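Peer 1: The structure follows.
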Amino acid sequence: MNYARIIGTGSHLPERVLSNADLEKMVDTSDEWIVTRTGIRERHIAANGEGVVDLALQAATHALQAAEVAADSIDLIIFATTTPDRVFPSSACLLQQKLGATQCAAFDIQAVCTGFLYALGTAEKFIRSGSHKRALVIGAEVFSRLVDWNDRGTCVLFGDGAGAVVLEASEEPGIYSSHLYADGQYSNSLTVNSYVAQGQLQGESQFTRMQGGEVFKAAVNNMASSALEALRSNEFNASDLDWVIPHQANTRIIQAVSKKLKLPQEKVISTVAMHGNTSAASVPLALDTAVRDGRVQPEQHLLLTAMGGGFTWGSALLRF
Ligand code: UT7
């Protein structure tokens, strides 16, 4: 078995929708500014008491149903999140228990908005090594909990949600390759600078702080460069792609990336208008949306790409 192949996708969004009109009542902003500068029209917000594992459980259940496999056939769970329900145990362990997936390894990955790409790349390597056969890979966030609802520069951007895929060992591709990067010198450009000690939350800020312009430029350059590397290393041209599924942070970022790849907008999946930036959930949510509405079809070639806090970034090229 040489490849890891996606055999099912799923996603879930919390019920409550927060529109731009709602935000106009909360901070000094306008629907016109938000739509023009970001493309976002609405986002979903988890209810009080609704945790990231609750969202992930729904997404995972849909992915397992789509794959037509049972939870106890999963031998690996990798859960990408920045907003775990507990400091420990991991969200992956909490999800494992809820799913009844008793025969597996389970751990979390923290790479903020690139988390799903990191989790997918890690699961792919477990499967390619032959040590594991069937993995559940999750990207899920309740990012609204890290948002300062008085900061108009960030609160209009983020939302909550979950996406999941089931990966299985296969002789046919599958994921061709994944390309992951990080540069910690930008740790202060996008951060929640706090930690728990002596029973207290400590540090500079408990909310997301972002240097928007710097993150914007890095997102365009890093997503494009890793995407081009993924194409080059598999001797693919951009024209060979059926779809690009980028991290959903801002329509202008998505447009700039597709321009650098010389790809028409029609080949780019964009769900940012309806979901906002859901961090690690963004790529699997967009993927599942496009699978369920029929745009993404079996055997098509997809390029996934993301960039987030760290900075972290990466791309994966795959045959669906
Ligand atoms: O997932 C990876 C992490 N996130 C991202 O990739 C996001 C990357 N950054 C961005 O998407 C953009 O930088 C933003 C959408 C955050 C901001 O867009 P921008 O075009 O870079 O705007 P700006 O920060 O330069 O602000 C322009 C103006 C400022 O007013 P002045 O100083 O020109 O008078 C802001 O105060 O827009 C103002 N502004 C707002 N106005 C109305 C900032 N936020 C808002 C708002 N409503 N919500």
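In case you wondered, yes, glycine gets a Cβ from its N, Cα and C as well.
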Peer 1: Would you please say which range out of 28-32, 183-187, 248-252 has the annotation region 'ACP-binding' in TrEMBL?
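Peer 2: Range annotated as region 'ACP-binding' by TrEMBL: 248-252.
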Peer 1: What is the pLDDT of the domain 'Beta-ketoacyl-[acyl-carrier-protein] synthase III N-terminal' (107-184) when averaged and given as a whole number?
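Peer 2: Reported value for the domain 'Beta-ketoacyl-[acyl-carrier-protein] synthase III N-terminal' (107-184) is a mean pLDDT of 97.
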Peer 1: To the nearest Å, how far is the Cα of Cys113 (active site) from the Cα of His247 (active site)?
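Peer 2: With distance taken Cα to Cα, His247 (active site) is 7 Å from Cys113 (active site).
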Peer 1: Below 8 Å Cβ to Cβ and six or more residues apart, same chain only. Which residues does that give for His247 (active site)?
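Peer 2: Those within reach of His247 (active site), by Cβ under 8 Å and sequence separation of 6 or more, are Cys113, Thr114, Ala219, Met223, Ile253, Asn277, Ser282, Val283, Thr305, Ala306, Met307, Gly308.
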